[in-house]
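Participant: Have a look at the structure that comes next, please.
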Amino acid sequence: LLPILTLLYLLSFLDRSVIMNSRVPLPTQDLKLSAPAYNTSLALYFIAYVLFEVPSNVIPLKRFDPQFWLPSLTLVWGIVSVCQGLVTNQAGLFGIRFLLGATEAGLFPGVIYLFSVYYIRRERRARVAIFFGGAALAGAFGGILAFAIGKMEGIGGRRGWQWIFILEGLLTILVSLIAYFVVPTWSYKAKFLTELERERLLSKLDGDTDPAHKEPFQWVYVKQAFTDHLVWGYALLFHGYAFALYSLSLFMPTIIADLGFQSWQAQLLTVPPNTLAALSIALTVWLSIRCECRAILIIIAAVVAIIGESGAQYAGVHLAAAGVYTGNALLLSWPGENVAGQTKRAVAVAMQITFGDIGAIAGVLIYRPNFAGHDYRKPHIIAIGYLLFSIIVASYLRFWLARHNKDKDAKMTEESAESIKDRQRLGDRHILYRYVY
């Protein structure tokens, strides 16, 4: 699962954020862009992402096989990504960014949900972290590729920034065609497993959380997700972190260039912070598994990011990247481990990304040219506020998760029901279910 799905997410993050690398050499006059047009194009991407998140994860994913659905999404957004390099005016840029957000919306929650029907809860954290690490790697590769592809200025009568979009989009299309033969189907009919291996996997999953076999779609499970305060907590936690994540990832070359570096230097100087972020993810997730803690490390990551946002120098960019990417890697796997019931979990994951990315919309609109003074001081202060909000939400979740576990321990009896039917109906509210925090 991990190699191909991580590659798909790396390409997804690369295709959405390559515009950050194109912006440094992107001549405003080429597309006749107004001053805030770049920020508006970024916001339109996330507006579409938010609108299509839940619809892409609830109905198509339950109806279509992920072996078909996920590669198809990749193919379509690859085509849209190529079209980013063919736009000729501001309206075209706005429209193609909206389409890119709509087509990419289903991948991340779809993959997180697919993990939940293959891995038991304690196995998911590291897998989701490796998967999300593709975002940090995309930032590192993006800088190198943009620097190299940008040298194609004038080839075929196209500008260097156009070739960045076109070639990276073509790469996505190529990988999507391979993905049709590699992306796995549902665990209960996985073709790469023998019959014995499949039975062992389903038995292990059934003993860990909800039944691993196919769960029929019912609206009552959707309602369970929307009425659970913990599910809203996961969404609001990502809301705070997403502001910092996308404002940092999409504006890193610009922020570095404003520190006094030339544009080509800014492209290459995005590589070290993103590399550090990937290493930080690996180290922190390993630590969280060893010490069985989550909330406290998310809080520490936010503090590190706040320290980085407080400084305008290049070292601050490293700290901000390490803290922001690490915190996101930990929080994005949380609902996948703590929400039981297949449909409820699918909705919970989609809700987390949906409401989280509303924070991303705010982030890309705040980092605008008229707020660029004093090394983006005002946007950095607002980002710190969002990270403080995330600290409060993480503390809230830790308190209530611990309390719910304690209440269940107090109510445990020898007659506590353990039937599959009861576990499916009650999900994570079942008395035998314990939350991780």
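Cβ coordinates come from backbone N, Cα and C, glycine included.
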Participant: Which one of these stretches, 11-33, 264-286, shows up in TrEMBL as transmembrane segment?
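Facilitator: Range annotated as transmembrane segment by TrEMBL: 264-286.
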Participant: If we skip the immediate neighbours and take only residues 6+ beyond the ends of the transmembrane segment (37-56), which ones have a Cβ under 8 Å from one of its Cβ atoms?
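Facilitator: The answer is 16, 19, 23, 31, 73, 90, 93-94, 97-102, 104-106, 109-110, 246, 250, 347, 350-351, 353-355, 357-358, 360-361, 364-365, 367-368.
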Participant: Would you kindly check 93-116, 161-183, 346-367, 379-401 and say which stretch has the most C-beta pairs under 8 angstroms to the transmembrane segment (231-252)?
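Facilitator: Per the Cβ count, the answer is 346-367.
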Participant: Using a Cβ cut-off of under 8 Å, list the residues of the same chain at least 6 residues beyond the transmembrane segment (379-401) that approach it.
Facilitator: 229-230, 233-234, 236-237, 239-241, 243-244, 247-248, 294-296, 298-299, 302-303, 305-306, 309-310, 312, 327, 331, 334, 338, 359, 362-363, 366-367, 371, 435-437
Participant: Can we call the transmembrane segment (346-367) and the transmembrane segment (93-116) in contact, meaning three or more C-beta pairs below 8 angstroms at a sequence separation of 6+?
Facilitator: yes
